[in-house]
Amino acid sequence: MSLARTAAEYMLSDALLPDRRGPHLKGLRLELPIDRIIKFVTVGFPLLLMSLAFAQEFSTGSRISCFSPSNFTIRQAGYVDSSCWDSLVHHEWDAAGNYKTKSLWTHKVLPYSLLALAVIMYLPTLLWNYVAAPSLSSDLLFIISELDKSYNRSIRLVQHMLKIRQKSSDPDDFWEELEKARKERYFEFPLLERYLACKQRSHSLVAIYLLRNSLLLLFISTTCLYLGYFHLNIFFQEEFSCSIKMGLLRDEIHVPDLITCRLTSLSIFQMISFSSAAVYLILVPVIIYNLTRLCQWDKRLLSIYEMLPAFDLLSRKMLGCPINDLNVILLFLRANISELISFSWLSVLCVLKDSSSQKHHIDTVVDFMTLLAGLEPSKPKHLTSKAYDDHP
């Protein structure tokens, strides 16, 4: 009997989680994996295209090449290139003979517009980091700590029960007292459950999360409209007619009215425009899918932690509309599952519980560890049959 008692004590000691004190949980993920991917794409992709545009400009020099008259000197031809690049206006006559101009300024501001796009796309992440992340971090630290502590309390409770059983002279008195304690729910520690129930009535985190993704959709829609309105209009225009007859050159006879220029960076412009539109349009269903995850509960995570005493949000049907702070917290708990040491232990216990539920009534970690510690076989038969009658 002493060997069985010692084995039970060792088993319960091994089941205890190590105490984590000091600077722990510093690697909390305050962004979901899909949010991090969206951030890297929406911010990093325009920065990549901006570097490509600047690299092309530095490697080739001027992004236009003007066909100056043959009687122009090299310095005059250079002046034509710089003047036409500064103005970047296409002059033409329409079919009715009317004089028209069309600005091509989009080519000039392309790298800077990409930089502005990256800054704008980072604003939703900045909003989340400064408004929601601090409170989310404190919530996660408290909940993760309490989940692991609740698991440890259950194991220590079974250890205490084992010691009391060993010292008890009358087994019937011990089991009657134990059944009374279970009936009165003495083993439950309802602080965490009540805290999570309060989070169901809070909507600050979910509002900021919805605002973040809504801003992303708004900025992506604005970007696509900008590309469609300003870039598509000049998407295939490689050449334009430039006029340098202004100022002191207005009355010069040897200066032609219009000079033809060619955009040497048109292929880069087309590639940047097309790839930007394609990437951002692909991100739209990804963001919408990300929002739809707020419309359902992560019941698998909740069902595993229902092995803990006083964590019966599912069995009591306490879950209502999933659009609240609790659902957001559950999503981040799933993302930080590596910080939940108790999760792996409870997952194993759930599997063992399902395989042994036909022989024994198991609700919590206390029930299962009582069985593994060898207390359940010593239970009087009249109490065992009573337990089965109460939980058929």
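These residue numbers are counts, starting from 1, taken along the chain as shown.
Cβ atoms are placed via backbone N, Cα and C, with glycine included.
Caution: TrEMBL annotation is automatic and unverified by curators.
Sequence annotations record features per position, and here TrEMBL assigns N-linked glycosylation site to N71.
The annotation transmembrane segment is assigned in TrEMBL to 37-55 (among others).
Long-range neighbours of the transmembrane segment (109-131) within the same chain, counting only residues 6 or more positions beyond its ends whose Cβ lies under 8 Å from a Cβ of the stretch, are 30-31, 39, 42-44, 46-47, 49-50, 53-54, 57, 208-209, 211-213, 215-216, 219, 223, 269, 272, 276. Marked as transmembrane segment by TrEMBL: 109-131 (among others).
For 215-236 (among others), the entry in TrEMBL reads transmembrane segment. Long-range contacts of the transmembrane segment (215-236) within its own chain (CB-CB distance under 8 A, at least 6 residues past either end) are made by residues 38, 42, 102, 104, 106-107, 117, 120-121, 123-124, 127, 269-270, 273, 276-277, 280-281, 283-284, 287-288.
Positions annotated as transmembrane segment by TrEMBL: 272-292 (among others).
Beyond its flanks by at least six residues, the transmembrane segment (37-55) meets 31, 110-111, 114-115, 117-118, 121-122, 125, 216, 219-220, 265, 268, 272, 275-276, 279-280, 283, 286-287, 290 of its own chain at Cβ-Cβ distances under 8 Å. If you look at the transmembrane segment (272-292), the same-chain residues 6 or more away from its ends with a CB under 8 A from one of its CBs are 32, 34-35, 37-38, 41-42, 45-46, 49, 52-53, 110, 114, 117, 210, 213, 216-217, 220, 223-224, 227-228, 231-232, 235.
All chains included, 7 other C-beta atoms sit within 10 angstroms of the C-beta of N71 (N-linked glycosylation site).
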